Amino acid sequence: MKELFPAKQVNGFVFSLVLTVIAISVYFVDMSYEIGLTILLVTAFIQAGVQLIIFMHAGESKDKGSIYTSLFYAIFIALVTIFGSLLAMVWGYM
Amino acid sequence: MEFFERFAVPHPSPLIYASMVAIGLTVLAIIFGITYFKKWGYLWKEWLTTVDHKRIGIMYMISALLMLFRGGADAVMMRLQTSVPDNTFLEAQHYNEVFTTHGVVMIIFMAMAFIIGLMNFVVPLQIGARDVAFPRLNALSFWLYFAGAMLFNISFVIGGSPDAGWTNYYPLASNDFSTSVGVNYYNWALQISGLGTLMTGINFIVTIIKMRAPGMKLMKMPMFTWSALITNAIIVFAFPVLTIALIMGTLDRQFGTSLFTSTSGGMDMQWANLFWIWGHPEVYILILPAFGVYSQIISTFSGRNLYGYKSMVGSMVIISLMSFLVWAHHFFTMGHDAFTNSIFSITTMAIAVPTGIKIFNWLLTMWKGKIRFTVPMLYSVAFIPLFTIGGVTGVMLGVASADFQYHNTMFLVAHFHNVIIPGVVFAMLAGMTYWWPKMFGFMLNEKIGKWAFWFVSIGFCFSFFPMYITGLDGQARRMYTYSESTGFGPLNMLSFFGAGVMAIGFIIIVYNVLYSIKNSPRNIGDDPWDARSLEWATQTPVQEYNFAITPEVESSDAYWDHKKKGYQLFKGNIEKIHMPNNSGLPIIMAGIMLVFAFSFVFYIWAGVIVAAIAFLACLIYRSFEKDDGHYIPVSEIKETENKNGGAN
Ligand code: HEM
Ligand SMILES: [Cu+2]
């Protein structure tokens, strides 16, 4: 029976529901803007990871090398673009 | 009549009217010619509907050459205008339109098309594939690019050209300062050809990752294929930024938003930021395939395998990441604090290191090699010192504090032409000459080719080196004229002279093509250059299916091993081959897109809606269409192979 029950997927589903609840709580619970945004960002990234690994099966097939490479490449470029733009257009702008 | 008034050119001149007549006559002549020789059917069946990567590649390259002449004519006009002080050949507005058109045409419609064309022709052959992963998407890519190019090119006779520079900075590009529909043309032409490019990016990544011949590990791919893989990765990550920036520009100009204005919470410099987030990776999109071409050519004509294969690959991977780290060096003077400028200054200088590694690898490949100075090799050898000068002046510009002196002067113009012409243009001419026999079954005349090489490269030096000096002396870029007292006159005259010499070089290239079509021998065999990589293991000219038997490979110089070490490339038997069917849908969809974009440029909403519905209908049709391709039977393959003396 054990092989038939998709424990990983069910746990993943519960976990992603928990993450969603935490994210929604930012709206209802009274907290500062910074803390709220931090919670949102953190839960969003974990959520994306859960979806990718558990439900989109990254890492289960032969080409997991290319999948993870392009994923990290994309994350790197996204972060660089966002923080670089903030630096160029807001923080470092006189 | 009111409806048609919008199509009038806002700043007419005799030159423009003459071009209108010329364009009209050329179109008529082409239509008449094709009809007269009854070639419509042939054209439609063999070319316009083709999904064959080789033919698509050739069409890209033909378009690129046409655009080279369009952009070249603009260049000569600009150099003519600035050749003497206080010249009145072009007025300020026309000069603006000409340099804008020149920049866009050369980067987007010439250089991009040329590299994508070469990739199309060469990559599947180099990896032993029969076509790209998505052949029909590939055709759509080409036709979207072509639609974008045509849209852009009619702007100067219908409605007015863009005039805010190829960089199209706001607020200059906003409705307030650029009042004609020109910048709308810019937005839409780049948008649709950019979509084509993005699809090419995805297509080639999949092709290279998934469709390599058995045995060709990643680290056994020929260097041009490696450069294509990296380039397409950059395309996929950089082009979406351009797409978004262009949409934002369209919203501002055509729907009254204020994203790029300094009032209402907008930010005009945000355009510059987004443009260069795409724009700097874009210059590496252009140069990396050129590096790939040089790697193949230098190794072939030095008779040696490429020195430092791993470091070549490694440096390209590093460049692809770092190309996303440096973009703010294009606006050091915008008003950053010293800390911000220092960061981008350091990343900019660091990117010169992997580039330098590649230069040494090429030099070491030639070291002790037995060099044959053919036309492709001449371009490659000239590339090394000339490109190095461009790189060094790039590092000078990368020094943020010093850039306050160089920025927006002719020094900058000299820098980027110095990297783009010996880098990209030489590579394309070299690559075209090198792979020409595979494309057409005869070689370009070497002697005439060498004449062209000398004209182009000496012309280049005369044309652009003087700009370094006038730039340091303070001549600003994009100024339509200057007074005699500045003393810029003589050097600008020299530059005009150089541009003329280059133009002659390009005319010689055209003459060479015509001459060679007529006079070159056709019995050149499959490997006229004594080359090394897999594409030379095909027949000349290449069959529709590329390889009768899928090759098996053990090194990046598979064909060399076959020739020198008796390595067996084709181990299996001939089996029936599955090939994709031709389709008219791509060209029709691109045509609809052209109508859509043209209507959008002129705010003709009826046209926009009809075209959008038609486009959607094509997508739906495609989703339900059953198209399983076709098989070429063994008997037919055997017949073709025998007729042409068979590859094995
Ligand atoms: C060693 C490598 C390079 C360095 C350090 C470098 C550095 C720079 C810098 C700092 C600028 C901006 C200067 C200013 O606006 O004041 C610039 C402009 C430019 N570079 Fe480079 N560059 C390098 C290689 C290349 C290559 C390989 C290409 C193209 C194939 C290229 C194409 C351009 C273009 C098109 C512009 C300016 C466009 C414009 O403003 O209209 N560069 N470069
Ligand atoms: Cu740059």
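A Cβ is built for glycine as well, from the same backbone N, Cα and C atoms used for every other residue.
Features of the protein shown, as given by TrEMBL:
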{"type": "TRANSMEM", "residues": "B:15-37", "note": "transmembrane segment"}
{"type": "DOMAIN", "residues": "B:38-554", "note": "domain 'Cytochrome oxidase subunit I profile'"}
{"type": "TRANSMEM", "residues": "B:98-125", "note": "transmembrane segment"}
{"type": "TRANSMEM", "residues": "B:137-158", "note": "transmembrane segment"}
{"type": "TRANSMEM", "residues": "B:188-209", "note": "transmembrane segment"}
{"type": "TRANSMEM", "residues": "B:229-251", "note": "transmembrane segment"}
{"type": "TRANSMEM", "residues": "B:271-294", "note": "transmembrane segment"}
{"type": "TRANSMEM", "residues": "B:306-330", "note": "transmembrane segment"}
{"type": "TRANSMEM", "residues": "B:419-436", "note": "transmembrane segment"}
{"type": "TRANSMEM", "residues": "B:448-469", "note": "transmembrane segment"}
{"type": "TRANSMEM", "residues": "B:489-514", "note": "transmembrane segment"}
{"type": "TRANSMEM", "residues": "B:579-596", "note": "transmembrane segment"}
{"type": "TRANSMEM", "residues": "B:602-621", "note": "transmembrane segment"}
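Counted as Cβ pairs under 8 Å, contacts with the transmembrane segment (B:306-330) are highest for B:271-294 among B:188-209, B:229-251, B:271-294, B:579-596, B:602-621. Residues 107, 111-112, 115, 118-119, 167-170, 173, 223-228, 230-231, 234-235, 237-239, 241-242, 244-245, 248-249, 260, 316, 319-320, 323-324, 326-331, 334, 358, 362, 380, 383, 416, 419-420, 423-424, 426-428, 430-431, 434 of the same chain lie 6 or more positions beyond the ends of the transmembrane segment (B:271-294) yet place their CB under 8 Å from a CB of it. The transmembrane segment (B:229-251) shares the most Cβ pairs under 8 Å with B:188-209, out of the stretches B:98-125, B:188-209, B:448-469. The stretches the transmembrane segment (B:579-596) and the transmembrane segment (B:448-469) are not in mutual contact, being linked by fewer than three Cβ pairs under 8 Å (pairs 6 or more apart in sequence).
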